[in-house]
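Heads up: the structure comes next, in C-alpha cells.
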Amino acid sequence: MKQLPKTRTALLLAFLVIMWGVNWPLSKAALAYSPPLLFAGIRTLIGGLLLVIVALPRIHKLRLKETWPIYLVSALLNITLFYGLQTIGLNYLPAGLFSAIVFFQPVLMGVFSWLWLGESMFVMKVIGLILGFAGVAVISAAGFGGHISVIGVLLALGSAVSWALGTVYMKKTGSRVDSIWMVALQLTIGSVFLLISGFWTESFSAIQWTAPFITSLLFISVFVIALGWLVFFTLVGSGEASKVASYTFLIPLISIVASSIFLHEPLTLSLLAGLLLIVTSICLVNTKSKAQKAAAIGINEKAAQ
C-alpha cells in the first residue's frame, strides 16, 4: 500500500482517536438499556458483517481452509475476550477510568513483543514499562480503599491483556492472512461467541430498544467498529503503525473528557496522576533505539537512491 499524503494521514488519525475515544462513554450509556454480553455481541456482529461486505471483492485472498485457526484465535482474543470483558467491566467503573486502564495495552504489548517476537528492549522502553505499571497501580490504589471496584479494575486489566495478546498474535501471523478479511472475520466469529454467551446468561427481552440505545448501537457499530478498524488497517498498511501507536494516548484522554462532560464522571487526582504516568509510558515504549533509528535512515537513503 502506498504511503498516504500527510493531510489524509492527519485526518484519518483524528477520526480514529476521536471515534475510539467517545466509544467508552457511549458504551457506558448504552448499558443502561441492554445486558453487556448481548450488547457487545450485537455491535460487533453489525460491524463484522459490514466489513465482510467490504471484503467480498477480495474473496480470493480468504483461503479459509488454510487460515481458519488464525481467524479463530484472533477472534477469541481481540473480540470475544476484549469486548466481552470491557462491556461487563463498564458496569463496575466509570468509563474514563476504565479506558485509562485498558490503554495500558501498548505497554503490555511491548513486554509480549519482547518475549515472543524477539523485539528489542532498551533503557527507554524499560523505563516506559515501569511507569506504565506504576500508572495502573496509582489508578487502582483507590480500589483497595473501597473507593473503586477491584472487580472493575481486574476486568479492565483482563481486557488490556487479551487485546495485547491478540495484537501480538496478529503481528506474528498477519503476513499469512489478508488484513481486511482478518478484521472482518474476527469481528463476525467473535460476535457469535459473545451472542451465545449472552443468550446463555442474559435475556434478550431485557434489551430496551429505545431511540438512544439504537442510535448508540448503530454509531458504535458503524463508526467505531467497522470504519474505525478500516481506518486503523489503512494507516498500518501505509506504514503509519508507529504513528498510530504514538497517538493511542489521546484515546483515554478524549474518553475521560467526554465522560466528564456527558456522564458527569469525576476527575480525581489519582486518575489524572495515573493517566499521566500511562501517557508518558506509551510515549517511551514507542520511542526507537539509536540502532533502530540508524537502520530506518539507512533504508530511507537506499530508497532515495
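Cβ coordinates are placed from backbone N, Cα and C, and glycine is handled just like the others.
Taken from Swiss-Prot, the feature transmembrane segment covers 11-31 (among others). Long-range neighbours of the transmembrane segment (11-31) within the same chain, counting only residues 6 or more positions beyond its ends whose Cβ lies under 8 Å from a Cβ of the stretch, are 4, 39, 86-87, 90-91, 94-96, 98-99, 212-213, 216-217, 219-220, 223-224, 227-228, 231-232, 234-235, 240, 243-244, 247-248, 250-255, 258-259, 262-263.
Annotation comment: Swiss-Prot describes 18-141 as domain 'EamA 1'. In terms of DSSP helix, strand and coil, the domain 'EamA 1' (18-141) has 104 helix, 0 strand, 20 coil.
Sequence-distant neighbours of the transmembrane segment (37-57) (same chain, 6+ residues past either end, Cβ-Cβ under 8 Å): 27, 30-31, 79, 83-84, 86-88, 178, 180-181, 183-192, 194-195, 197-199, 201-202, 204, 206-207, 217-218, 220-222, 224-226, 229-230. Positions annotated as transmembrane segment by Swiss-Prot, on the basis of sequence analysis: 37-57 (among others).
According to Swiss-Prot, the transmembrane segment annotation covers 70-90 (among others).
The list of residues near the transmembrane segment (97-117) in space but at least 6 beyond its ends in sequence, with Cβ under 8 angstroms from a Cβ of it, reads 21, 24, 86, 89-90, 125, 128-129, 132-133, 135-136, 139-140, 148, 152-153, 156-157, 159-161, 163-165, 167-168, 171-172, 245, 248-249, 251-252, 255-256, 265, 271, 274-275, 278, 281-282, 285-286. The feature transmembrane segment is assigned by Swiss-Prot to 97-117 (among others), with sequence analysis given as support.
The transmembrane segment annotation in Swiss-Prot covers 126-146 (among others).
The transmembrane segment annotation in Swiss-Prot covers 148-168 (among others).
Confidence over the domain 'EamA 2' (161-287), given as mean pLDDT on the 0 to 100 scale, stands at 87. Annotated domain 'EamA 2' per Swiss-Prot: 161-287, in sequence order.
Residues of the same chain lying 6 or more positions beyond the ends of the transmembrane segment (180-200) and with a Cβ under 8 Å from any Cβ of it are 35, 37-38, 40-42, 44-45, 47-49, 51-52, 54-55, 58, 61-62, 70-72, 74-76, 78-80, 83-84, 170, 174, 225, 229-230, 233. Residues or ranges marked as transmembrane segment by Swiss-Prot on the basis of sequence analysis: 180-200 (among others).
Annotated transmembrane segment per Swiss-Prot: 217-237 (among others), in sequence order, evidence recorded as sequence analysis. Cβ atoms under 8 Å from those of the transmembrane segment (217-237) belong to residues 1, 4, 9, 12-13, 15-16, 19-20, 22-23, 26-27, 30, 39, 42-44, 46-48, 50-51, 54, 179-180, 183, 187, 243-244 of the same chain, restricted to positions at least 6 beyond its ends.
Marked as transmembrane segment by Swiss-Prot on the basis of sequence analysis: 244-264 (among others). Away from its own ends, the transmembrane segment (244-264) comes close to residues 13, 16-18, 20-25, 28-29, 94-97, 99-100, 102-103, 105-106, 232, 235-236, 271, 275, 278-279, 282-283, 286 of its chain (Cβ-Cβ under 8 Å, at least six residues beyond either end).
Per Swiss-Prot, the feature transmembrane segment maps to 265-285 (among others).
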Handout entry: Counts by DSSP class (helix H/G/I, strand E/B, coil) across the domain 'EamA 2' (161-287)
Key = 105 helix, 0 strand, 22 coil
